[in-house]
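Peer 1: Handing you a structure now.
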Amino acid sequence: MQTLQATPSSSSASSSQGASCGRAGQQYQKMSQQDAEVLVALGTSSTRDEVRRLLIPKIRFWRQDATLATKVLSSLARQRLPHVANWVIEVMQDLGVAVNNYHCGAAISACEKAGHWQLALKVLLWQMPEMSIKANAITYNAAISACSRGGQWQLAVGLLEQMHLASVASDVVSYNAAISACAVCGRWQLGIDVLARMPVLRLVPDRFSFSAAISACSKGGRWLLATDLLSQMLERQVRPNEISFNAAITACEKSGRWQPALELLAEMPSRALRPNEISCSALISACEKGGQWQLAVGLLCSMPLMKLRPNAISYNAAISACEKCSVWQMALALLGKMPEESLMPDVISHNAAISACGKAGQWQVALRILNKMLGVSLVASEISYSASINACERSGQWQLALQLLEQMPQKRLGPNYLCLSAAIGACGTASLWQMGMELLGQAPWSEVCVEAAVKACEKGRQWQLALLLLHQDGTAKSGLEDSGLEWTGGEAPGAFSGRSWRLAKLDSSDTPSGQEAKEQLAREALAELSEEEGLRSPRAVATLLWSLASLGVSDAALLQAANEAVASRLSMGQCSTRDLSKLAWSLASLGSREPLVFEGIQRELSRRAEQLLLFAEGVSTAAAPASSQRVTEFAMAALACAWACSCAGVPQSPSLQQAILRAGRALSRAAGPAAVVPLVAIQRVWGDQSRNCEALPKVVLELSDRLVVYKPPGWQVDDGQDEAGTGRGWLSSFLHALLPARQWPILSDDSHFRGFLHRLDVPSSGLLLVAKSYEAYYDLRLQLDTGTLVRDYVVLCHGWMDPKRREVRAPVHWCTNGRPTASSVTMSGRNSRTFLKVLCFSLLSGSALSLLAIRIATGRRHQIRLHTAHIGHPTVCDGKYSGPETYLSDHAWCPRNFLHRYRLAFSSPAAAELIAATSSTTAPMTTATAFDFTSPAIEAQAAWDASSPPRTLRHQVSEPLPNDLIEVLQRVTPVGGDGMSAKVLSRWLSAEASSDAWEAQEDLRSALATSRSEEQLGALEKNGGGGS
């Protein structure tokens, strides 16, 4: 047997050959690096001929070793040079170098990294089949990723299907790339569907699969589904990473769900994951959307403790959170802190700070920030100017608003519809409707600008022009072109709610065409409120529901959808104070009785009240004007909510009621101290100058913060909301003569109705409540809106009304666009309720008359006169709601409309000092009584905070019939009721009945129930006038 042994010479030869191969490999590797560097140096500006010229000397080496080309193509992929890589493939094909899957995969990878999906598909679907190269999973995956980066979700999912058709086994990477493509485009349904297919193909989803699907849900605003997917990862023992949690937190952020976002961030350390800047920024943004500015700022300040460095995104989100809540001081503090953190505030930072100052009425600070932007070479945007113009508009600085609008073209900015609508609103606030119309002519047509112009015309009493604008239509797309907002086709943002608002403002809803429009609106509204992709903006939802309520459009399905839509917006905390007010009023008017929704609105208002009022109660008088507007806006919204809860039968929040009273105290404190001067002596001197004292107003009851005034017929309650008429006098002038405006500023404040709590028509007479301070105003308004302030009337009407009738319910509609028309009973009117008692029947010249005691549960315009006319019994001498012949006949024996408010009942704090009560010298004694009283609301508050309830006084003030109405009753002859009519009439003539509350007024129904007068009544009704 021979033994084979390696000789020294053979061993040496072998080593020499290995070394030679190693040197050759190193040489080839060095050559490929050099080739790649040369091609990379050509850059994106290279041409195909340049690539060919460089490759020709190298081609023979590439033929010997195909990996050289692969390395060069991989280098080009890393440098994101897809066109150069594609030319390399084409040159290799031209020069006869074999191209394989690896070469094509590297070229497609270059396309994927650069986002050139078209070129990737060219290589995959055209060049590779032409070269008879069958694509594998790697090339398909790279192409799917290229489509994902390019936002081509249809092509990405199509390539996944193509893999199955081409018998190429797809893997987890393939599906992850397809899900990522769906995530980029927000196609969450398809992304979930692709994820669900993986187990069917025996593919196990990994953390990247789930993270991509969560991200898809995030883009689609599906936070519940995103958090559910995160839970599924844990159930399937797929360990989530920071990307998974960040995607879920971002999904919550997109929907404004700050609570679950906070819970997810808190859960990360328990999963051995450390929150990063993306996690914290997303949570801060979620707090911003949810109106949680304290939490947003607190998280921003705690980031250094977590060894995280806040970035510009974090600061911008925190500043925006302060802007949402009008906390302008904190917004400015954060803006000033950014340079300390080596962060340069950008346009977004400045815009949010400007808007925060504007909402707080700090227009001077807002303009300083705008000027600062221009000083540091930041390019102001349309949003910068629209926020600044809004700041001027809120503060009544219309000249500055117009100056800013004129500056925009100089900065190469085209005023968009946001800027123009704010400028039109500024003109409307200053009653410059002509200037507002000029601006509207310059604006692209949009619902927002038209709405601002309509309001300006209404304020200027130009109702014809307002109606003309409401009838116009157009496309709002052009208004977006300069706004920087995204246009996705169809209607502009808010266009549908804008159309519904215009329809509600028009007065043709009860015509056949108007009824058809209402039915169409109801169908579209139900679809919008029910669709998950429907109305997203809380303001759009509030406007739509207001329109539906104003038009009287409601049914069970629509009401349910409205409740769900409002509950959804409340949970996100994205509603403004004005939106909350509008939502509460609209739901109550639509007939909602859902307690959870109303409790949610009260809870949200109470939460905002604490922060707002703590600031307002601590400001100095000099700073008060800056906060008064916000306090007033909050208080009015809270009153609307209180009224809505009262209508819906929902228990009212004691904390919210206390917040309303605190708001009044804050405004009174800001207005300055008021002198307590007895008005009785002053008014006697002022009134004695006239021989006929009854023709003049008088103060019936005066407390330190409120008073009761008697309004004679012919005097107008000019509360600043309507154009002053041509009556005998204006009550505001009477009050100003007694109470100097500088000491009692509410009497000149149109936003608070000049202190008047309610109105009386010019021809009517009776008692009025007037608040002398803001605190008293909100106290009385709360009583009025919750039904504890009582107003009783005595009315003489035509015909013999059925004594069994106790109530009239009929919706009252009146124009809200300034058009001087009568009210009417229509389905589009507001719910109205009038209680009544038939006190006596009488005759005058053969005409049947009924004397009624009336109490109103709602205070609509001309409600009593309209309701009595609606049931066939118009009030005597009513020229607006009775026929011309009837009115002329009545005027011969009755000088004016027979309607007199004879009694008021209300409460006041026990600390409200009684200054004086008067009696008339030419009429029977005026009655004013008071007694200890603890309201149910205060009792509820006491039970809630376990403190002793503050005592209040209950006042009952009555005023007998004036002489002109007494003379009318002396003309009539009482009939029926076994003498009951004669007895009642006598008591009213002697002023005995005027001190009786509505409940104490004995009526014909009770009299007839205990007598044999039913047959007599039937005969009277048969022979009398007017039916019921």
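Note that Cβ sites are derived from N, Cα and C of the backbone, with glycine treated the same way.
Automatic prediction, not curation, is the source of TrEMBL annotations.
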Peer 1: TrEMBL lists region 'Disordered' for one of the ranges 1-26, 859-884; which is that range?
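Peer 2: Range annotated as region 'Disordered' by TrEMBL: 1-26.
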Peer 1: In TrEMBL, which of 500-522, 1006-1028 is tagged region 'Disordered'?
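Peer 2: Of 500-522, 1006-1028, TrEMBL gives region 'Disordered' for 1006-1028.
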Peer 1: Cβ under 8 Å, sequence separation of at least 6 from the ends of the repeat 'PPR' (241-275): give me the contacting residues as numbers and ranges.
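Peer 2: Answer is 207-208, 210-211, 214-215, 217-219, 221-223, 225-227, 229-230, 233, 282-283, 285-287, 289-290, 292, 295, 306, 308, 571-574.
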Peer 1: By DSSP, what is the split of the repeat 'PPR' (206-240) into helix, strand and coil residues?
Peer 2: 26 helix, 0 strand, 9 coil
Peer 1: In the same chain, which residue numbers or ranges, 6 or more beyond the ends of the repeat 'PPR' (136-170), come under 8 angstroms Cβ to Cβ?
Peer 2: 101, 104-105, 108-109, 111-113, 115-118, 120-121, 123-124, 128, 177-178, 180-182, 184-185, 187, 190, 194, 201, 203
Peer 1: Based on DSSP, tally up the residues of the repeat 'PPR' (171-205) by helix, strand and coil.
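Peer 2: The repeat 'PPR' (171-205) comes out at 26 helix, 0 strand, 9 coil.
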Peer 1: For a three-state summary based on DSSP, what are the helix, strand and coil counts in the repeat 'PPR' (136-170)?
Peer 2: 26 helix, 0 strand, 9 coil
Peer 1: Helix, strand, coil residue numbers for the repeat 'PPR' (276-310) per DSSP?
Peer 2: 26 helix, 0 strand, 9 coil
